[in-house]
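> The structure follows.
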Amino acid sequence: MVDKDANNELDSIPLVSEQVTNGENGELNIKASESTVGSNGAVADHEESETNNQTAVDNTENDTLDKDKLDAQPNHNEQQREADLSDAFSVKIQDESVNDKTSEPDENKDTASRKSMDGILNLSENNLDATKPEASEQELNPSLHNLMSACQQGDLTKVSELISNGEVKANDTFSDGITALHWAAINNRLTIVKYLIENDHSKADPNLLGGELKASPLHWACRNGLVYIVDYFIVHTDADPTLRDSQSYNALHLAVHSSNITLIIYLLLSCCGSTSTSKQLYVDESDNCDRTSLHWAAYQGDLLTINALLKFGADVSKIDKNLFIPLHWAFMKGYKTVLKVLAGAGSNIFAKNDQGKDSFEVAKDMNCYDTWIKVLKECGRNPKNHWEMKTIYLNPKIGKLVTFFTPYIILPIMFQVCSFYNGFVIPKLFFSVVLFAGSIYILQKLVIPTYLAEEKAIPKSPLLAGIFSGTAFWCIVTWAFNIIPTLLFKKFISNLVLSAFIYLFVWSFFKAMFINPGYVPVPSDNSVTLDQVKDLIKIGRFDTDNFCVNTFVRKPLRSKYSRFNKKLIARFDHYCPWVYNDIGVRNHKLFVVFVYSLNLAVLLFTHLSIKLFKNTEKMSGYDSDDESQKCWLLSDELCVGYKSHHFQFNLMLWCLIQYIWIAFLCLVQTFQILKGLTTWEFSSLNNRLQTHNGYNHSTLPKDFDLTSSNTNRYNSPKQSNGLSICLKLIGLDQVVLAIKLGIKSIFSHTSSVETYDPLNEFEIPTDYGFRTNWLDFWFIGDIEWRNIFYLPIEGENNLNRTVVDYYKLYEYPPKLADVDA
């Protein structure tokens, strides 16, 4: 019989009580364990019943204990469990045997069932007593647990208290081998790292390996791209960057995995350059699969890292265990720019991997074959000659001259052919379009590739500068041979002023084209660059806003890397395809003089051309009342020019079309000068208004002591699309931005009644007032007339009425309280 306590325990376990039922012929069915006993009272299969009954016990215990804790107990005796199971079923077997011999009533069957269940419940109770959970490592050593938590959270007070009281040592660990320094490093807790290394009670060892990967704290910091933590380890401790974790990765490998270009540059300068001493890293050191850092950078498609590694001599021909060179791994991402850099660096495009596949077959497997073919063609390889380098028959300088002077020939032919008054309008127009498009196509296919291997090469070629200068040349020729002989004395002042403007825009055009726009000097010694990096780290500014990762030099304020000249330009304004040069601190004044003088020259040329047409009208006896001589939509003098001077008429019309973007460019440049902005800064300001903030690779710790003043930097503009490129070519992109800001100023309001001004939402650090900004742009030094004609010798220019060197400008002059509006 089952006593009262057993019945109460049975009621307290509903899972078992619900699954225990009386079956046919008196069998005991335990559904939870899925075991069955036959009508003869024998267990069908001893091993199966043993397993199934144990399952029933486990299911019972699941309702009262945490299964994980139960399974974790090491003192569970398998033999005792089998004995308990045998005892549990002995009651049931004996009872059913008597049942077969005497055929007792059904109440005896219920008694047997209860006894069997009582045995199972007793087993469960015994197991519960035998499987009490043991305390965890954290519970056994709460002080060490508190230390780890404090390091993760950056609680310096708690860390110093635990270490100074001697409750724990800095190098104490749990069974995983992870130290407090590991947790402080990976959580970017610089003050905690410093304390653990420098305290007088228990100093941490930066070379202890821990965790599943058996990595050092330096490894953990490198894997997460934490520059300031790594710098502290390298400079102030004996942390060894050559140590390897269980995956055979050293500090440089892990830094490449992080894709933080600033950390990679730091390690290259401090450990791989000629300035490194004892902590020397080999740039081509491989892991256990023979993969170098360049292999990993190529696999990740990380262009900045690839360029940095190549700058330090990384070998593009290194092979791993699968005979893959970095180029093969680059096909995993298939980025065109990455493939082009590796191909241009001398990668063997016919190298085969362990499967016998070269770059072409790998490209097919990765669905980037077409991209690879484009890359090879842009790199100057000939598909008709086994992809060998093409033979260049034209010198690059000659190619540039041909591109530049082609419009000098094409434009006059087009203007002369388009004499629509004589008939054949469609054939003449068709011929002109074909001539213009055909010449550009020939230049793009045959001439431009001799000096520029890019897909969109037209904007970066001298073609647009040739179109402008060719137009100006034929305007000057027309003025000299048509207008001056006829109107020299009638319009003497106009001709004199026009000649002055012609001289100004021609001189400023070629001067702005050939002058150095303001290249920031790049140190030739890596030790100088490393010193610049350390200076930036000290003030918490080592990021891509303050360091150029393309040229490896500290970026002065208002500078920007030019993808046209491949150099860092001081006070960068924009790249202008019409002058075939960047506009920077040394040629910005020249560019504005060019735009202003060109604007007025176009107006005067148009004015004098109309006067010439009017003079021709009087001399030719043109009858304005004769309907047959009139022109649709044209005045009488323009009609005469259309019929009698069609070359000059077409040239004037072409100049007026160009005048649209010239006028807008004048307005925008004037507005930006008055606001103390450059074109690039104005574009970046628009992005800030739209909250498109760029990532600058900064890993500055939150607990870093910022003792220097904060610098206002502009974010880079968004990537251009087709429409924005067209707007930039004709100078309307800045107009669009100005209109956007104007619309926001009109329709956007703050929560108050006051009008919202987008330009005032962010402080412009270079805006010192309209008057000061205007004078700063035109004068170098004191405000004297002679100084307006001076051009910067290097990077000097005025800012807030003070001469500054834009090559070394790292702080803005403070604004005065009485800044003019």
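Backbone N, Cα and C atoms are what each Cβ position is placed from, and that goes for glycine too.
The topological domain 'Cytoplasmic' annotation in Swiss-Prot covers 1-400, 444-463, 516-589, 672-821. According to Swiss-Prot, the compositional bias 'Basic and acidic residues' annotation covers 93-117. What Swiss-Prot lists as repeat 'ANK 1' is 142-172. According to Swiss-Prot, the repeat 'ANK 5' annotation covers 289-318. Annotation source Swiss-Prot lists topological domain 'Lumenal' at 485-494, 611-650. Taken from Swiss-Prot, the feature domain 'DHHC' covers 546-596.
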> Over the span of the topological domain 'Cytoplasmic' (516-589), how high is the average pLDDT in this prediction?
96
> I'd like the per-state residue tally for the topological domain 'Cytoplasmic' (444-463) from DSSP, helix first, then strand, then coil.
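Across the topological domain 'Cytoplasmic' (444-463), DSSP assigns the residues as follows: 11 helix, 0 strand, 9 coil.
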> Same chain, outside the topological domain 'Cytoplasmic' (444-463) by at least 6, Cβ under 8 Å from its Cβ: which residues?
374, 378-380, 392, 394-397, 399-400, 402-404, 406-407, 564, 577, 580, 725, 729
> Looking only at residues six or more beyond either end of the topological domain 'Lumenal' (485-494), which have a C-beta under 8 A from one in the stretch?
604, 607-608, 611-612, 615
> Where DSSP helix means H, G or I and strand means E or B, what are the helix, strand and coil counts for the topological domain 'Lumenal' (485-494)?
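Going through the topological domain 'Lumenal' (485-494) residue by residue, I get 6 helix, 0 strand, 4 coil.
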